[in-house]
Amino acid sequence: MERNLKNVLVISFGFLLLFTAYGGLQSLQSSLHSEEGLGVASLSVLYAALILSSMFLPPILIKKLGCKWTIAGSMCCYIAFSLGNFYASWYTLIPTSVILGLGGAPLWSAKCTYLTIAGNSYAEKAGKNGKDIINQYFGVFFLIFQSSGIWGNLISSLIFSQASNKVETSEENLACCGAYDCMSDTTNSTGSAEPSNSLIYTLLGIYTASGVLAVLLIVIFLDQIKSDQAETEKEILETPSFWSTFLATFKHLKDKRQCLLIPLTMYSGFEQGFLSGDYTKTYVTCALGIHYVGYVMICFSAVNSLCSLLFGKISQFTGRKLLFALATVTNTACIIALLLWKPHPKQLAVFFIFPALWGLSDAVWQTQTNGLYGVLFEKHTEAAFANYRLWESCGFVIAFGYSTKLQVYIKLYILLSVLVLSMVTYGAVEYLESKSSRGTPTDTKKENGGPITQETHM
C-alpha cells in the first residue's frame, strides 16, 4: 500500500474509534446526567472552551509538537471526558469538558494539515494535481469517519436495552413529555428506570477503550512528518501567530457578507444542539426510555451522511438556493410538528421520522454553508472559517446554556425565529452577490466550486 494512503487510513480509523465514543456520549449527556442540568451544562462549557481553543491553540501546538503528536495529545483530551463521566459531578464533568474543548480545535487543525501535506507530497512524487489528491484523501477520511455516529449510538442502545428494569410509561408521565414538558427531573426517566450503574460503567468502559485504541493507533502506526520536506516544514513554521489569527478573525467582520451570515452559522449550532440536547431527552427518553436514544440518533447520522454525499453531488445542478429552500421548509415543518405532537410509545415510527428529516436539513446546512464560505471568501479562507467555527460554537453554547432554563416550546419558537432571521440575512447575501456579479458572468460559475468538507464534529 502506498505510504501516504496508509497514513490517511490510520488517521481515518483513529478518528472513527475516537468519535464512536464521543458521539455516543454527547447524545446521552442530557439524559444520563439530568440532575440540575449537569449534562447540557457540560456540553455548553465544552463548546465555550472550543471557541477559545480555535482562536489560540492550533498554530502553537502544531508548530511545537508536529501534526502526529498534536493529534495524539488532543485525543487524550477526549479520553479525559470519558473518564469524567464515570463519576459525573460538577467537579469532574465540567473540568473534563474544558479539557476536551481545548483539545478539539488542535485535533481537527492537525488532521487537516496532515492530510494536506500527505496529498501534496504524493502529488509531487506522482506528478499529479495536488488539489485532486487532497480532495481524494479528504473523501476517504469522511467516508470512514461519518459512520462513527452509527457505531457509537448502536453500542449505547444495545447495552442499555439489556436493562431488566424497564417500566411502562403512565399516561400521567407522558403528559410531561414533548413541547410542553414539566421542567422536572422525573421526565428524564419515565420511559424506563435509570439504567443500572453496571450498565453505565460497561458503556463508559467500552467508550474509554475505544479512545485509548485510537491514541495507540496514531502513536504506533502514523508516520511523523519528515523534517526533510523543507517546503512543508517551512509552511508549518510560518503559521501565523495566534494574535494575528485572532485579529484577522475579527477584522473579517468588516465584510458585510460575513456579518449577514452570522445568524445562519449560529443556527447550525442551535439546531444540532436542540436535537442532541432536547429532542433526545424530552421526547425520546421521556416517552420511550434512554435505550432508544442511540437508535434514534443512528437514524439521524445515517440520513445525514447519505444526504451530505447526495447534496454535494447535485448542488452543481440545483444551485445552493434551492437546497437552502428545501432545508428551510423541512426544518420549519419539523418545528411546527414538534410543537403540536404529543409523543406516545404507540407512535414509534414518528420518533424516527423527525431525526431523519432533521438529518436531511442538517446535511444542507453543513455542506452548503461550508461551500458558501469557501466561495464568498476565497481569498480569506482562514479568517472566514475561523468565523464559521466561532459563530457555530456560539450557537451550541447558547442552545445548551438555556436548555435547562426554558420549556421546550419556547426553545422551538427561538429555533424558528433564528431560522427565519437566517433566511432573511442569507437572502440579503445572495442579493449582494447577484449585484456584484453582474457584468462578471464568469464569477457565477464558481458558485458551487471548491471542496466541501463537513467538520461540525468535535
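Counting starts with 1 at the first residue shown.
Heads up, the Cβ atoms here are built off N, Cα and C, so glycines get one too.
Because TrEMBL annotations are produced automatically, they should be read as predictions rather than curated entries.
Database features (TrEMBL):
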type     : residues : note
REGION   : 436-458  : region 'Disordered'
TRANSMEM : 39-57    : transmembrane segment
TRANSMEM : 69-88    : transmembrane segment
TRANSMEM : 94-117   : transmembrane segment
TRANSMEM : 137-160  : transmembrane segment
TRANSMEM : 199-222  : transmembrane segment
TRANSMEM : 289-311  : transmembrane segment
TRANSMEM : 323-341  : transmembrane segment
TRANSMEM : 347-365  : transmembrane segment
TRANSMEM : 410-429  : transmembrane segment
| message | Are there residues at least six beyond either end of the transmembrane segment (289-311) with Cβ under 8 Å to its Cβ atoms? List them, or say none. | response | 23-24, 27-28, 31-32, 146-147, 149-150, 152-158, 160-161, 163, 166, 169, 189, 191-192, 195, 275-276, 279-280, 323, 351-352, 355-356, 358-360, 362-364, 366-368, 454
| remark: Across 69-88, 94-117, 137-160, 199-222, 347-365, the most C-beta pairs under 8 Å with the transmembrane segment (39-57) come from 94-117
| task | Compare 137-160, 199-222, 347-365, 410-429 by their Cβ pairs under 8 Å to the transmembrane segment (69-88) and return the stretch that comes out on top. | result | 199-222
